[in-house]
Amino acid sequence: MPALRKHPQTATKHLFVTGGVVSSLGKGLTASSLGQLLTARGLQVTMQKLDPYLNVDPGTMNPFQHGEVFVTEDGAETDLDVGHYERFLDRNLSGSANVTTGQVYSTVIAKERRGEYLGDTVQVIPHITDEIKRRILAMDAADSDGNRPDVIITEIGGTVGDIESLPFLEAARQVRHEVGRENCFFLHCSLVPYMAPSGELKTKPTQHSVAALRSIGITPDALILRCDRDVPEPLKNKIALMCDVDIDGVISTPDAPSIYDIPKVLHREELDAYVVRRLNLPFRDVDWTQWNDLLRRVHEPRDTVRIALVGKYIDLSDAYLSVAEALRAGGFAQHAKVEMRWVASDDCETDASAAAALADVDGVLIPGGFGIRGIEGKIGAIHYARKRGLPVLGLCLGLQCIVIEAARSVGLTEANSAEFDPATPDPVISTMADQRDAVAGEADLGGTMRLGAYPAVLEPNSLVAQAYGTIEVSERHRHRYEVNNTYRDRIAESGLRFSGTSPDGHLVEFVEYPPEVHPFLVGTQAHPELKSRPTRPHPLFAAFVGASLDYKNAERLPVEMPEIPEHEPNGAEHALEDAPARG
């Protein structure tokens, strides 16, 4: 009798997360929470998202359709779920953590053009699926510290049954075949709807979803049952029988009070113990020390603070997901609950409209964005807040709006950004030299911005240096425009201080007003929200929430700030209009 073929020995386990019935079931949060639980058990965990859309990355996608673009340390523009992964695992991931159909097809077609397939007919199977497998298995590589992951959690985007997802599901099936069933685990998320008229929970959608998954060769090892209430044991037993899943692997996940409660929900259902047992991983108790402290701060705040987020894309809160999470984490650092007021920037263009929109808030956050719509409203919100001592934090475009508002306050009444008004006589925000071809339409827009982590040097004793506790920092970026250095001296007449620059002093990274001019009005060209963690809040957000609490505790008495002399336009301010911008 021939010997059975042995699978290659591997120390790394693969856990695939799929979804059925409907989208937006919380696959990303489920995967992130399970990753957090396994990490708390002392395991090395990394994560990956497979997205079935044809875009190479989400960088050029409409934020109303896709939500935010999450930028990694190495400059990849990725899905917002990668942000969940980083926040729950408390570790940085690379661009390899997000794979799209567009990336896969681009690579395969490029190989075909180079003749690497030696005349083969290039097809979805095996060529596309092989490229997907290569990217999945590449996650097994050691990190910068030389540690290989114990577990790779791979979330497959889309819904089982979608045409777009089929190559990814087939690739996952083949990974299981290659690494061995004992090294692979499939977790399927499904909806159990509650029918109010009959007062029943329905299992049929889950049964059909699992049947569709099994029809392509994948039998789930565990099921996440999403519902607005607990699924009773008799129904769990029925689902286990009809879907051929162990009863220990049928997990009820009712809606939780906050996303940070989800690990506790999964642990209560013993999902992490079941995964450890099935994959033969080292069994250690969960260390809840750090997470329990987080949950105390989430559920037992000592104070409440109201922050206005003045944005262009507020109709879809996911467009500012990392900003919102960083604000909440800043509140955790101050033992405070942050109540967010979503304010459309168009509603703040005049003093009267800004006063109406921002009347009872304790702080104003101006997030990033692109395009001219709503810009005057962002500037109007900054003007209102500056006059009244209301704390402000500006991110990326927010810094640029702070600079424009400051320039206008000292007589450069037509000051603007070259992005919004290419013909402005005072382009206080100019196009970066290496971005001019992209802006002119002579180069690709996708993946060509100033992306990823860059260092900055802060002015000693500045507000930002005090917040960070150091003068050397690194933050992630995503922009094409910068402060025009030609106007630095003129803008400084407003009192605005350029408190942080690139190490060579050329690119403005941070601006602020000194405390004697305004208690907290700070802008950064970076996106610090991308490095915030619930258990390690970002210092800028913690400082901003702290300043907002100070404003609130002063009973919101609107104190008029020292008046900045308003310069009358006399034509002299345009003497620089023909000077070449050093930006």
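First residue shown is number 1, and so on along the chain.
Cβ atoms here come from the backbone N, Cα and C positions, even for glycine.
The active site, nucleophile annotation in Swiss-Prot covers Cys396. Here the Cβ of Cys396 (active site, nucleophile) has 23 other Cβ atoms within 10 Å, regardless of which shown protein chain they belong to. In the three-state DSSP scheme, Cys396 (active site, nucleophile) is classed as coil.
Residues or ranges marked as active site by Swiss-Prot: His527 (among others). Neighbour list (His527 (active site), Cβ cut-off 8 Å, at least 6 residues apart, same chain): Val71, Ser322, Gly368, Leu395, Cys396, Glu475, Arg476, His477, Arg478. DSSP classifies His527 (active site) as coil under the three-state reduction.
Residue density at Glu529 (active site): 30 other Cβ atoms are found within 10 A of its Cβ, drawing on all protein chains shown. Summarising the annotation, Swiss-Prot assigns active site to Glu529 (among others) and lists sequence analysis as the type of evidence.
If you look up Swiss-Prot, you'll see Ser23, Lys202, Thr203, Lys204, Pro205, Thr206, Gln207, Lys238 marked as UTP binding site, on the strength of sequence analysis. Its own atom aside, the Cβ of Lys202 (UTP binding site) has 15 Cβ atoms within 10 angstroms in the protein chains shown.
Long-range Cβ proximity for Thr203 (UTP binding site), meaning a same-chain Cβ under 8 A and a gap of 6 or more residues, is found for Val192, Leu235, Lys238, Ile239, Met242. Marked as CTP binding site by Swiss-Prot on the basis of sequence analysis: Ser23, Asp162, Ile163, Glu164, Lys202, Thr203, Lys204, Pro205, Thr206, Gln207, Lys238.
Cβ contacts within 10 Å of Gly26 (ATP binding site), excluding its own Cβ and spanning all protein chains shown: 19. According to Swiss-Prot, the feature ATP binding site maps to Ser24, Leu25, Gly26, Lys27, Gly28, Leu29, Asp81.
Marked as Mg(2+) binding site by Swiss-Prot on the basis of sequence analysis: Asp81, Glu155. Using a 10 Å radius centred on the Cβ of Asp81 (ATP binding site) and all shown protein chains, the other Cβ atoms total 24.
The L-glutamine binding site feature in Swiss-Prot is assigned to Gly369, Leu397, Gly398, Leu399, Gln400, Glu419, Arg480. According to its DSSP assignment, Arg480 (L-glutamine binding site) is coil.
Per Swiss-Prot, domain 'Glutamine amidotransferase type-1' is recorded for 306-554.
If you look up Swiss-Prot, you'll see 1-281 marked as region 'Amidoligase domain'. Taken together, the residues of the region 'Amidoligase domain' (1-281) have an average pLDDT of 92.
If you look up Swiss-Prot, you'll see 561-583 marked as region 'Disordered'.
Of all residue pairs in the L-glutamine-binding list (Gly369, Leu397, Gly398, Leu399, Gln400, Glu419, Arg480), the one with the greatest Cα separation is 14 Å apart.
In this structure, of the binding-site residues Gly28, Pro205, Gly369, Gly398, the smallest number of CB atoms within 10 A of the CB marks Pro205. Ser23 (UTP binding site) sits 36 Å from Leu399 (L-glutamine binding site), taking the Cα positions as reference. For Gln400 (L-glutamine binding site), the nearest neighbour among the listed binding-site residues (Gly28, Pro205, Gln207), judged by C-alpha distance, is Gly28. Separating the Cα atoms of Asp81 (ATP binding site) and Gly369 (L-glutamine binding site) is a whole-number distance of 19 Å.
Annotation: Leu399 carries the greatest number of neighbouring Cβ atoms among the binding-site residues Leu25, Leu29, Ile163, Leu399 [cut-off 10 Å, Cβ to Cβ]. Comment: UTP site residues Ser23, Lys202, Thr203, Lys204, Pro205, Thr206, Gln207, Lys238; largest CA to CA distance 24 Å, whole number. DSSP gives Lys204 (UTP binding site) a helix state.
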